[in-house]
Amino acid sequence: MDAVDETGDEIQQRSYWRWSKQDFFPEDSFQNWSAYRSALLQTFTRFKNRVISRSEDADEIGELRHQSENEMKRCLSWWDLTWFGFGSVIGAGIFVLTGQEAHEHAGPAIVLSYVASGISSMLSVFCYTEFAVEIPVAGGSFAYIRVELGDFAAFITAGNIILGSVAGNAAVARAWTSYFTTLLNHHPNSLRIHTNLTDGFNLLDPIAVAVIVFTSVIAISSTKRTSFFNWIASALNMVVIFFVIVTGFAHAKTSNLTPFMPHGAKGIFVAAAIVYFAYGGFDNIATMAEETKNPSKDIPLGLLGSMSIITVIYCLMALSLSMMQKYTAIDPNAAYSVAFQSVGMKWAKYLVALGALKGMTTVLLAGAIGQARYATHIARVHMIPPWFALVHPKTGTPINATLLIGLASACIAFFSSLDALASLLSVNSLLISTMVAVALLVRRYYVRGITSQSNLLKLTFFVLVIIVSSVGTCAYWGLNPNGWLGYTVTVPLWFLGTLAISVLLPQERTPKVWGVPLVPWFPSLSIAINLFLMGSLEAQAFIRFGICTVAMLIYYIFFGLHATYDMAHQPKKPMSSKISEDMEKARA
């Protein structure tokens, strides 16, 4: 590491590989037991400060990047981001969850489940894109929520991001093993170690661990090299997907579409909530903003372009599977491979399984890139130890953060089944997308020092109306799926809350380059759909989510709260010329 930057400021030369207590716990509250006891006695005061504290765009773009000591390399174009979009999203979701949910919940109407979750994800993509252009940092949704909703809301987001990253990688790696065994003509569980543990956690998977370690090592080496590998693998995967769609329709039987909705509308939305996981990963593109050459142009092209194409692909693949094989005969573990075998194309199952393996490998690869960037920015604000924020001077990648996500994912993948992870992931993803949509409404209609107190109170009330009415719609659906009376109250309330924001409140901030159209309607609709899909999940998903949330809050009270408080109140360091230049580009 060089000791002088562009401005001539002295930088202390330190090795990247260091392990001292100061690197993990540099805050004043953790210097000794006396300081820690003093911090705990101030817990309530500090918590109140963190709840009302909000970051600034300039801090996220500039100040916090000092914590990484080295800059990430700007080497990605819109072409790279588009293929990262394909690589991040198309994997275990479409190849595994399609068969699982068509067989158990939706039947042939699984295509409508993908339409519903696709609409929800596209609305979220709009919100993410505006934020990513305005605040081009590695933190993604964590940074956006920290700026608009405050530090505590950002912590909840951070916990869910890390939980989603770990569980998501584990779910994809488990599915990788299932398809690999299909290539070997074995049962999906034949290469797993059978134990007497609780059902859902009793099949140990060393292959999944090996795949996660492999992709993490590639992600550590170089972002540009990873992008090239991802582009080649994703291109090959698209060839397989085209084959699946065309050949599937060539062997289609319309009789397999009857009955179209065997479990009614409820089955469609239960499946939609779970297959939303298949669209997960698009937010990884937003986390690559620091490594993008021209974020204001490249991110909208890469994010919106890839997700539009992916939504169409998913619907076509789901329809081809439903027409090729009766939903009751679909194999929940390796649906497409077994479906081709059932129509006499035994050889095709190997091609499909190989394509699925390529797709899931790129999902893990892109996930290792994007999720490590999330962890890096979370560490920059000291919600997790700042050691994980360090960027390696030669590779330009956050090696420590990549290891954190990779090793934790490998541990979970070793013993947790896909079905135990998928529903938890859907709650996680939908909650974060909902918070980003709320943050966008706040960003457009509230600016500190400009918005009047009365307009702030109105905005708060109307947003609460939107959220409460959406929850009410979801609750009524769960209690009385065939009823309609409750919707005459909840839907008009949602409409009136959104209309009130549109008519009664002025937009205080206009996007400089690219913005979400039809604000407040699009983000409000995103909130309503996300909450509705969350309510369609089974109670077990929320129990698991609740347990994880309690664990997060315990961690926050005893560590995260005091670390972030000390970080927020330390003197600011002078900004380097490179970071200042990046801030000027972001403002342009």
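FYI, residue positions are counted from 1 along the chain as it appears here.
Cβ atoms are placed via backbone N, Cα and C, with glycine included.
The domain 'Cationic amino acid transporter C-terminal' annotation in TrEMBL covers 514-563.
TrEMBL lists 75-97 (among others) with the feature transmembrane segment.
Annotation comment: TrEMBL describes 109-131 (among others) as transmembrane segment.
Among the features that TrEMBL reports, transmembrane segment is placed at 203-221 (among others). Counting residues 6+ beyond its ends, the transmembrane segment (203-221) has Cβ neighbours under 8 Å at 169-170, 173-174, 176-177, 180, 189, 191-195, 229, 361, 364-365, 367-369, 372, 395, 397, 399, 402-403, 405-406, 409-410, 413-415, 417 in the same chain.
Positions annotated as transmembrane segment by TrEMBL: 228-252 (among others).
TrEMBL lists 264-282 (among others) with the feature transmembrane segment.
Taken from TrEMBL, the feature transmembrane segment applies to 303-324 (among others).
Annotation comment: TrEMBL describes 350-374 (among others) as transmembrane segment.
According to TrEMBL, the feature transmembrane segment maps to 395-415 (among others).
According to TrEMBL, the feature transmembrane segment maps to 421-443 (among others).
Among the features that TrEMBL reports, transmembrane segment is placed at 455-478 (among others). Outside the transmembrane segment (455-478), and at least 6 residues removed from its termini, the chain residues within Cβ reach (under 8 Å) are 269, 438, 441-442, 445-446, 486-487, 489-491, 493-494, 496-498, 500-501, 504-506, 524, 527-528, 531-532, 534-536.
Sequence annotations record features per position, and here TrEMBL assigns transmembrane segment to 484-506 (among others).
If you look up TrEMBL, you'll see 541-565 (among others) marked as transmembrane segment. Residues 25, 27, 29-30, 36, 39-40, 43, 46-47, 49-50, 151, 155-156, 159, 163, 381-385, 420, 423-424, 426-428 of the same chain lie 6+ residues outside the transmembrane segment (541-565) yet bring a C-beta within less than 8 angstroms of a C-beta in it.
Remote same-chain residues near the transmembrane segment (350-374) are listed as 84, 86-92, 94-95, 138-140, 142, 158, 161-162, 165, 168-169, 172-173, 175-176, 179-180, 182-183, 211-212, 215-216, 218-219, 223, 226, 229-230, 233-234, 236-237, 239-241, 243-244, 281, 283-285, 287-288, 290, 334, 336-337, 340, 397-398, 401-402, 404-406 (criterion: CB distance under 8 Å, separation of at least six residues from the stretch ends). Highlighted: of the candidate stretches 75-97, 228-252, 303-324, 395-415, 303-324 has the greatest count of Cβ pairs under 8 Å to the transmembrane segment (109-131). 303-324 is the stretch from 228-252, 303-324, 395-415 with the greatest number of Cβ pairs below 8 Å to the transmembrane segment (264-282). Taken together, the residues of the domain 'Cationic amino acid transporter C-terminal' (514-563) have an average pLDDT of 87.
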